[in-house]
Amino acid sequence: MLSMGLTLSLADIRRGLSRPALLVASLLLCYGLMPALAVAIASAARLSAGHRSGLVLLGLISGGQASNLCVHIAGGDVALSVAMTTASTVGAAVAIPALAARLLSASVGGVGGVGLAATTARLVLAPVAAGAVANAAAPRAMRAVRPLLPAVGIVATVVVILGATARTAGVVGPALAALAGPVAALHAGGFVAGWAVAKALAAVGAVGRGGGGRGTGVARTLAFESGFKSPALAYVLAIKHFGAEARLAPAVSILVLAPLAAVAAALMRRFGARTPFSPPDAATTAVERE
């Protein structure tokens, strides 16, 4: 989260506010559709209470900076991705405790809303704010290191989760059989939902030039912003507030999400205008003519 804050500027906020329809769509997908999808998948898979809590927690968590890197690899709209990630991160301190109390209290026997809100604020808002202040105070220095920050965020996520789960590999290993499918379905469902919403917005003219970006780039961006979740944040919250078993879905997520997102990003980049994530627009037509 600190690495994400170091990338933020007032220009990022202005870009986000200039595309309100896309920003709202991203937030509704993150904190509306994805939690509901997680509940549906957990019910369909008949997960245990602990596994269900972990999957639902993963579904209602905000995204991470790694989505910005994947959007860049896929040839999406990186500025829009940063704005969407910023919005979901800032909203996390309110949305996550509220959704957890609503969706998880029955599974874990009550959720401490105040404690969860405090933990979320400490893990999300504090480092993001610190990074943003540092970026504003030393913009030249931050510009020099900014290209490295997404990779730093990814490495930090891997270290946080794999470092912790390495000590409990005997528990995480057996959980793979029960959770790999549901976790993959959650992320893949988010990718598809983001693409579908972007395509629908493109059909009504909300994604074209007037909407601040190409339909192709926006579709790829919204797909990743929807399907990406922060397994590190979900893991820490699970351990602190939901019990040991709830941490397993976020731990499995880091193993599933990384290759899934990498393949999706590479395919979008490789096939360019012909990817199914690319609603046609004038820019795409020009590329095809070349």
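Positions of Cβ are set from backbone N, Cα and C atoms, glycine also.
Caution: TrEMBL annotation is automatic and unverified by curators.
The feature transmembrane segment is assigned by TrEMBL to 20-42, 54-74, 80-101, 113-138, 144-164, 176-198, 248-268.
The stretches the transmembrane segment (80-101) and the transmembrane segment (54-74) are in mutual contact, each linked to the other by at least three Cβ pairs under 8 Å (pairs 6 or more apart in sequence). Residues of the same chain lying 6 or more positions beyond the ends of the transmembrane segment (176-198) and with a Cβ under 8 Å from any Cβ of it are 25, 29, 33-34, 37-38, 41-42, 45, 47-48, 51, 54-55, 58-59, 207, 215, 218-229, 248-249, 252-253, 255-257, 260-261, 264, 276-277, 279.
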